[in-house]
Amino acid sequence: MIIRSPKPEVKIVVERDPVKTSFEKWAKPGHFSKTLAKGPDTTTWIWNLHADAHDFDSHTKDLEEISRKVFSAHFGQLAIIFIWLSGMYFHGARFSNYEAWLADPTHIKPSAQVVWPIVGQEILNGDVGGGFRGIQITSGFFQLWRASGITSELQLYCTAIGALIFAALMLFAGWFHYHKAAPELAWFQDVESMLNHHLAGLLGLGSLSWAGHQIHVSLPINQLLDAGVDPKEIPLPHEFILNRDLLAQLYPSFAKGLTPFFTLNWSEYSDFLTFRGGLNPVTGGLWLTDTAHHHLAIAVLFLIAGHMYKTNWRIGHNLKDILEAHKGPFTGEGHKGLYEILTTSWHAQLAINLAMLGSLTIIVAHHMYSMPPYPYLAIDYGTQLSLFTHHMWIGGFIIVGAAAHAAIFMVRDYDPTTQYNNLLDRVLRHRDAIVSHLNWVCIFLGFHSFGLYIHNDTMSALGRPQDMFSDTAIQLQPIFAQWIQNTHASAPGSTAPGATASTSLTWGGGDLVTVGSKVALLPIPLGTADFLVHHIHAFTIHVTVLILLKGVLFARSSRLIPDKANLGFRFPCDGPGRGGTCQVSAWDHVFLGLFWMYNAISVVIFHFSWKMQSDVWGSISDQGVVTHITGGNFAQSSITINGWLRDFLWAQASQVIQSYGSSLSAYGLLFLGAHFVWAFSLMFLFSGRGYWQELIESIVWAHNKLKVAPAIQPRALSIVQGRAVGVAHYLLGGIVTTWAFFLARIIAVG
């Protein structure tokens with residue numbers, strides 16, 4: 001790989017007109033590879049084309065050129081995101097009942113899709129209330145729009161148009177920064193400038209501008225909506241921004257302007273920057289004054305953080321110095337050499353970022369229900385379930401991606417000669433201890449967690465309920481989790497001044513919030529059933545980590561294949577004539593890791609779905625009696641495998657199975673079709689390549705007989721291609737099956 005040394009002084013360095021814009025070249029399939037550009041001889045060509053189109057490492061060894069391609073591709077990605085967002089806002093403007101929902105969010109369900117009657121599928125347009133017929137949506141956009149202060153469909157139109165303009169700008173920027181003014185390598189490697197700009201600009205000013213919007217637009221509009229003012233009567237956003245008196249009527253401290261700020265009398269602003277905790281009883285969402293305060297505080301932190309790193313002014317941190325000074329008593333050279341890795345290997349950089357982003361996505365999933373950020377989100381059970389499930393799946397995929405890119409770094413970018421006795425080298429040298437210990441943990445967790453269930457199933461089958469692990473027999477209470485819950489529940493009053501409730505109602509205490517006779521949130525009790533399933537979570541997560549980590553640590557070499565690095569990231573076996581060396585590539589570990597990730601996330605979303613229906617979601621009577629959707633059956637039913645099958649999977653599948661002839665019938669078809677896609681994957685996963693090659697040759701013979709033989713020779717999928725197609729269909733089929741099962745159920749009963 002060609003690497004140029006960075007210049008000491010930070011300058012904005014670009015190369016003018018480095019690559020000619022050529023539609024002729026662009027239109028030629030495989031132009032990035034000499035072999036592929038020749039065109040297809042066999043059907044393998046189309047697979048290789050897809051596999052390598054975005055593998056910029058394989059196009060060139062010049063790190064600068066690779067960096068420019070990645071940078072340009074990011075603008076393309078942003079353009080796609082803006083187009084997608086524009087579509088969402090356009091649907092809200094053109095096909096939705098947003099204004100009706102805004103006027104009565106407790107009785108009207110959100111819908112932003114109306115099916116056209118072509119072959120009778122207008123049956124899918126269910127009655128969502130207020131005389132509107134359409135498909136009920138569960139994306140949470142309506143709640144987000146209300147929190148943003150959007151009060152009309154015209155505003156959604158304008159935002160949709162704005163997003164398209166931004167998409168066009170992004171497409172232009174992607175072209176411009178590759179073809180017209182491409183940054184030099186030194187610019188991509190200038191980490192201090194990058195940190196300063198990303199922290200202060202992206203996160204600092206980004207949070208500050210959102211806080212400004214919340215304070216000047218969202219808060220006053222939501223205050224009036226909560227008070228029952230008709231959305232059409234509420235002043236438009238620009239009126240609040242331009243007319244301070246309007247704001248001062250709602251938040252008196254606005255009349256004082258910036259005087260309290262400069263006189264350090266900040267508590268004057270506590271009418272719109274609060275620290276209450278808990279939920280707004282009108283909307284069942286977080287107090288928007290709390291979230292405005294939060295974004296302002298985050299902005300201050302990141303604006304400070306964005307001034308910490310040394311650039312042209314001789315003050316501030318230097319990342320290389322920080323890393324090289326980081327030595328512990330047992331870590332040898334510590335982080336020495338990591339700076340060079342992270343400035344020359346974008347795979348290493350990406351692996352760390354994906355690991356953190358994936359974890360953060362899963363944290364988001366857990367906060368969306370425990371601290372619902374938007375008005376009326378908490379009583380829209382379909383949206384709650386969808387947001388949790390979506391963020392869990394996405395987080396799982398991103399974490400597997402982290403392992404994939406870590407392994408690619410090991411194979412393609414790692415240079416053992418420059419890494420001696422630093423942390424990475426030391427981890428690699430005791431990888432056998434790491435993997436064997438992790439394997440022991442997996443076996444322990446697997447046998448013990450599953451064993452508890454098997455014990456319960458056996459006792460239940462023998463009619464001995466008194467000998468089961470349950471809240472009413474042999475208790476296994478999650479005492480540590482309960483201790484954490486109690487600590488948080490009793491925290492308000494002794495922690496932040498003015499906090500009247502804990503961060504989340506789920507911690508405990510006597511509070512419950514109901515909106516429109518539906519439960520928004522209440523304290524979530526944890527018992528033996530949760531203790532059991534949490535150990536299944538521990539087991540599946542540890543196995544996923546074992547597979548992925550083994551793939552990374554043994555990506556370059558192993559006792560079985562000492563020269564594995566020479567074989568590349570993905571290979572089927574170590575050549576012919578060496579048995580028992582198949583499925584050992586780093587790619588194969590990612591492949592296997594995906595199945596265990598799927599296992600792990602499935603158990604999590606099943607646990608969440610049943611627990612919430614059993615112990616949280618439900619309705620409240622005029623006398624204050626709460627009736628949960630499944631009547632609190634989680635604690636006693638989920639402690640056996642049979643209970644999971646009978647009272648969760650089978651009992652709750654009745655809605656999707658019986659959906660034909662109703663507005664939910666699309667979910668019934670998806671449920672059926674996705675089962676088929678899942679089963680189809682097994683044909684690829686349990687296949688032998690030779691079997692298909694023989695079959696193909698018979699079929700080609702028949703075509704030759706009829707003189708209709710193709711010019712491009714058909715070939716069976718390679719082993720790796722077959723596994724890739726298999727895992728893709730396995731995951732797609734499994735996830736869509738779950739999606740249809742969850743939504744048909746929760747829309748029918750929620």
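First residue shown is number 1, and so on along the chain.
Just so you know, glycine gets a Cβ as well, placed from its N, Cα and C.
What Swiss-Prot says about this protein:
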| type | residues | note |
| --- | --- | --- |
| TRANSMEM | 70-93 | transmembrane segment |
| TRANSMEM | 156-179 | transmembrane segment |
| TRANSMEM | 195-219 | transmembrane segment |
| TRANSMEM | 291-309 | transmembrane segment |
| TRANSMEM | 346-369 | transmembrane segment |
| TRANSMEM | 385-411 | transmembrane segment |
| TRANSMEM | 433-455 | transmembrane segment |
| TRANSMEM | 531-549 | transmembrane segment |
| BINDING | Cys573, Cys582 | [4Fe-4S] cluster binding site |
| TRANSMEM | 589-610 | transmembrane segment |
| TRANSMEM | 664-686 | transmembrane segment |
| BINDING | His675 | chlorophyll a' binding site |
| BINDING | Met683, Tyr691 | chlorophyll a binding site |
| BINDING | Trp692 | phylloquinone binding site |
| TRANSMEM | 724-744 | transmembrane segment |
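Recorded stretches compared: 433-455, 589-610, 664-686; the one with the most Cβ pairs under 8 Å to the transmembrane segment (531-549) is 433-455. Long-range Cβ contacts of the transmembrane segment (433-455) within its own chain (Cβ-Cβ under 8 Å, at least 6 residues beyond either end) map to 427, 468-469, 476, 532, 535-536, 538-539, 542-543, 545-546, 549-550, 553-554, 639-641.
As a quick check, the transmembrane segment (724-744) and the transmembrane segment (589-610) clear the bar of 3 or more Cβ pairs under 8 A, pairs 6 or more apart, so the two touch. With a cut-off of 8 Å between Cβ atoms, the residues of this chain six or more beyond the transmembrane segment (291-309) that come close are 191-193, 195-201, 203-208, 210-211, 214-215, 218-219, 272-275, 316-319, 373.
Remote same-chain residues near the transmembrane segment (346-369) are listed as 66-67, 70, 377-378, 384, 387-388, 390-392, 394-399, 401-403, 405-406, 408-409, 412-413, 521, 608, 612 (criterion: CB distance under 8 Å, separation of at least six residues from the stretch ends).
Away from its own ends, the transmembrane segment (589-610) comes close to residues 369, 385, 388-389, 392-393, 396-397, 399-400, 403-404, 407, 530, 533, 536-537, 540-541, 543-544, 547-548, 550-552, 583, 630, 634, 638, 644, 648, 652, 723-724, 727, 730-731, 734-735, 738, 742, 746 of its chain (Cβ-Cβ under 8 Å, at least six residues beyond either end).
All protein chains considered, the CB of Met683 (chlorophyll a binding site) has 13 other CB atoms within 10 Å. Comparing the binding-site residues Tyr691, Trp692 by how many other C-beta atoms lie within 10 angstroms of each C-beta, the top residue is Trp692. There are 15 other CB atoms within 10 A of the CB of His675 (chlorophyll a' binding site), with all protein chains counted. Between the listed binding-site residues, namely Cys573, Cys582, the fewest other CB atoms within 10 angstroms of a CB are found at Cys582. Rounded to the nearest whole angstrom, the C-alpha distance between Trp692 (phylloquinone binding site) and Cys582 ([4Fe-4S] cluster binding site) is 19. Put simply, His675 is the one of the binding-site residues Cys573, Cys582, His675 whose Cα lies nearest to the Cα of Met683 (chlorophyll a binding site). For the pair Tyr691 (chlorophyll a binding site) and Cys573 ([4Fe-4S] cluster binding site), the C-alpha distance works out to 18 angstrom.
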